[in-house]
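*Asks:* What follows is a single structure, and I will ask about it in a moment.
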Amino acid sequence: MSEPVVLGIESTCDETAAAIVRGRELLSNVVASSMEEHARYGGVIPEIASRAHAEAFVPCVSKALVDANMTLADVDAIAVSAGPGLAGCLAVGVSGAKALAWAANKPIYGINHVIGHIAVTQLQFGPFPKDTLALIVSGGHTSLLHVEDMPRKIDVVGTTLDDAAGECFDKVARLLGFPYPGGPHIDRHGQNGDPHAIKVPMGLTQGKAGAAHPYDFSFSGVKTAVARWVESEQAAGHEIPVDDVCASLADSVATVLARKAMRGCRQYDSNTLIVGGGFSANSQLRAKLLEFGENYGVDVRIPQIKLCTDNGAMVAMLGVNLVEAGVAPSAPDFPIDSAMPLTKVSM
C-alpha cells in the first residue's frame, strides 16, 4: 500500500488551519489566526472565533492544496478536529470538512485534537515506539498518557486535578499585566530572570498528596502562591522583579512536569517520551525535559515550535495513523464533541 495522503483541518479555538501529509512527510501547512481580534478582550471570544473560521476555511484549504501541488482528487482521506474545543468553532470546521468529503467522495475522520498534538511529532521523529509515554501540555490540558499502540490503544496515566499548566501561566500573566496571550511573555521574561529567586510550590510532589497522585498535576496552588507573593510585595511598596517571578514560576511548573513524566517512563518501562501541546513551546519546559531525559536515559521528542501550537499538520498526521491502522472512517453524520475524552482517538 502506498503512503496515505490526508488533508487535515483544524478549527478548535482561534486558529483555522489546513495541511496535507503523505506518510510522514508534510507537504503543506497553512494557518490563519484570529488571535489579534481576541487580544483586546483578554481571551478568546467564541462568536468572533467562529466567524473568523467561516471566513478563513476556504482560503486555508485552497492554499494547502496549492502548496502541495494537489487537488482534492489526489487526497485519500480528510481528517478534521471533532473535539475537544469550542463548540461553535468545531462546528465550522467539521461542517466544511463533511462538505468536502461528500463532494469529493472521500472518507472522513473526526479526530481528537489533543491526541493530534502528540501525533504530529512523527513528522519530525518518525513512528511511535510501542508502549511509550506522552506528555500533553496546553492551555486546557495537562495529561500523561500511556500510548500502548498508536492510534488503537491510549490510556490516561495522570491528569490535572484543577488548572492546567497553560491556564496557570495565563492567570499569572494577567496578574503581571501582560496582554493576551500571556504565556509567551512569561517565557520571554523568564529567560532573563533567576529561577530560584522566589519559592514557588510544586503541587502534588511531596507527602501524602504526592504519594496518592504520583502522575497527576495541580497548578492552582502555584498560581495562588505567586499571586499572594506579588500582592505582598506591592503592599510593601516594593518593585516587582517581573523577570524573577516569571523564571521562578516557569522553573517550578517545568520541574513538576519533568519529574512526573520521568516517573511515568520508569513505571511503564518506556525509554521514549513524546511531548505535545501549545505549552510545549515554552523554552524553560523544553530545556528541563531534555535535561531530565538525558539524566534518565529517556529519548524526549518535542516537536519544533511551529508544530506545537494548533495546526492542520497534527490533524492530518493522526488521520494518516488511522488510515494506516485500518480504522473505519467516521460516519458521515458524526457529531462534534467539545469535551471529547483523551481515550477516544476518533469519532
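For all residues, glycine too, the Cβ spot is worked out from N, Cα and C.
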*Asks:* For the Fe cation site that Swiss-Prot gives with HIS113, HIS117, which of ASP310, ASP333 also belongs there?
*Replies:* ASP310
*Asks:* Taking ASN69, ASN271, ASN282 as the options, which does Swiss-Prot list with ILE136, VAL137, SER138, GLY139, GLY140, ASP170, GLY183, ASP187 at the substrate site?
*Replies:* ASN282
*Asks:* Relative to the Cα of HIS117 (Fe cation binding site), which of the binding-site residues GLY140, GLY183, ASN282 have a Cα no more than 10 Å away?
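*Replies:* For HIS117 (Fe cation binding site), the binding-site residues whose Cα atoms are within 10 Å come to none.
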*Asks:* Round to the nearest Å and give the CA-to-CA distance linking ASN282 (substrate binding site) with ASP310 (Fe cation binding site).
*Replies:* 15
*Asks:* Write out, in the order they occur in the sequence, the residues of the chain not among HIS113, HIS117, ASP310 that have a C-beta within 8 Å of the mean position of the C-beta atoms of the recorded Fe cation site.
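*Replies:* Near the Fe cation site, the remaining chain residues are GLU10, THR12, SER81, VAL114, GLY116, SER138, GLY276, GLY277, GLY278, ASN311, MET314, VAL315.
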*Asks:* Which three-state DSSP class does ASP310 (Fe cation binding site) fall into?
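*Replies:* DSSP assigns ASP310 (Fe cation binding site) to coil.
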*Asks:* Roughly how many Å lie between the Cα atoms of SER138 (substrate binding site) and ASP310 (Fe cation binding site), rounded to a whole value?
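*Replies:* Just about 10 Å between their Cα atoms.
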